[in-house]
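One structure is given here, and the rest of the page talks about it.
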């Protein structure tokens, strides 16, 4: 919820509150830049808290990360504006965004690791999809709050004080999440492996992950989902409103409806992956995004279509290119990595993919759309991200129901057993 609150704020109002002296296009690019700053911080947070999670446990790290994110999100709601303190306003905004990003870097990976290690074989996909459903619930809540603000407030009221309400209201979610995690038990897989006290169970050196085929495949899988998420949920909403002058209710209402439908899409994909494996659903969803990107975008940006038609097109591409892939992401990555490095490698692969694809994607989309004066770069980037996700899915091994206590990563060559030569028997 915290990141979606910010992403919609960056797309819809921050350009006027924190960058009012820039042109419309440049202000949107700068606002997307503050969005991207959080993704840079997420990599650092993924490394720090991922290593901690593999050493001291999943539970403690999840408590730390949710607290960091919640406090920063609430503080954004009390920031002074550019009109009040000038350039220090965006500086403070970026500072809070970076601290928020540090916690976010291990938040979803930690939750995904925890649920995967709790779930029994045969039900990991559906159970792990609860992480995506929780994130989707946050997206829905954030979108609903912003939509409500746009509905009840005038533009002047929204820019004067209304934009603060979504961030201040997040304190309720933070308190509940902290209470929930204080009462959480540690992952049984983590306890089992660490109780064994085996020398071979020590975490591998941090640099070794970059030699892992599983690490790069996971990063590629992340491109398809995270890149499309940044373009569709963040940039496209701002592009429709600021550049094409659409009613703000069109993208916010469409994303809200899409998030509601996601409560069917996400568990269905999780259940399906328990039946037919992780690879095939990944291949289907990425292929669908590639095929649908151009026709759906051509409808979304065309004002000659009815608002309902535009919203349907946005809902379709969002479910195929974002929510469907997110349903598969956490369990697939958890099963791809060995138990002693799972948290670290899952978090860093997700955040590297997120930084490159989603963190910088909206900025590049803004630049390319301004240069070309068209929506074509958005569709091309969605297809490109989905192609990377598709190739990664085709190359990855099937990891469904893999032993989560295994030390090695799934895509690595299995160690060969060298048998000692047997002495020949004398006749």
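Backbone N, Cα and C atoms are what each Cβ position is placed from, and that goes for glycine too.
Checking Swiss-Prot for transmembrane segment across the ranges 158-178, 179-199 points to 158-178. Relative to the membrane, residue 54 and residue 279 occupy the same side according to Swiss-Prot. Annotated by Swiss-Prot as transmembrane segment, the relevant range among 226-246, 331-351 is 226-246. When the ranges 374-394, 395-415 are checked against Swiss-Prot, the one recorded as transmembrane segment is 374-394. It is 8-28, from the ranges 8-28, 50-70, that Swiss-Prot records as transmembrane segment.
For the topological domain 'Cytoplasmic' (273-279), the list of distant contacts is 122-126, 327-328, 331-332, 335, 393-394, 396, 398-400: same-chain residues at least six beyond its ends, Cβ to Cβ under 8 Å. Helix, strand and coil counts under DSSP for the topological domain 'Cytoplasmic' (273-279) come to 5 helix, 0 strand, 2 coil.
In this chain, the transmembrane segment (133-153) lies in contact with the transmembrane segment (252-272); the count of Cβ pairs under 8 Å, excluding pairs fewer than 6 apart in sequence, is at least 3. Within the same chain, residues 1-2, 5, 9, 13, 16-17, 63, 66-67, 69-71, 73-78, 138, 141-142, 145-146, 149-150 sit at least 6 positions outside the transmembrane segment (158-178) and bring their C-beta atoms closer than 8 Å to a C-beta of that stretch. Within the chain carrying the topological domain 'Cytoplasmic' (50-74), a Cβ under 8 angstroms from the stretch's Cβ atoms is held by residues 2, 5-6, 96-97, 99-100, 102-107, 109-111, 113-114, 117, 167-168, 170-171, 173-175, 177-178, 181-182, 184-187, 190, 203, 206, 340-348, all 6 or more beyond its ends. When Cβ-Cβ distances under 8 Å to the transmembrane segment (280-300) are tallied for each of 98-118, 133-153, 226-246, 374-394, the top count falls to 374-394. Contact count against the transmembrane segment (226-246) (Cβ pairs under 8 Å) is highest for 374-394, out of 98-118, 133-153, 374-394.
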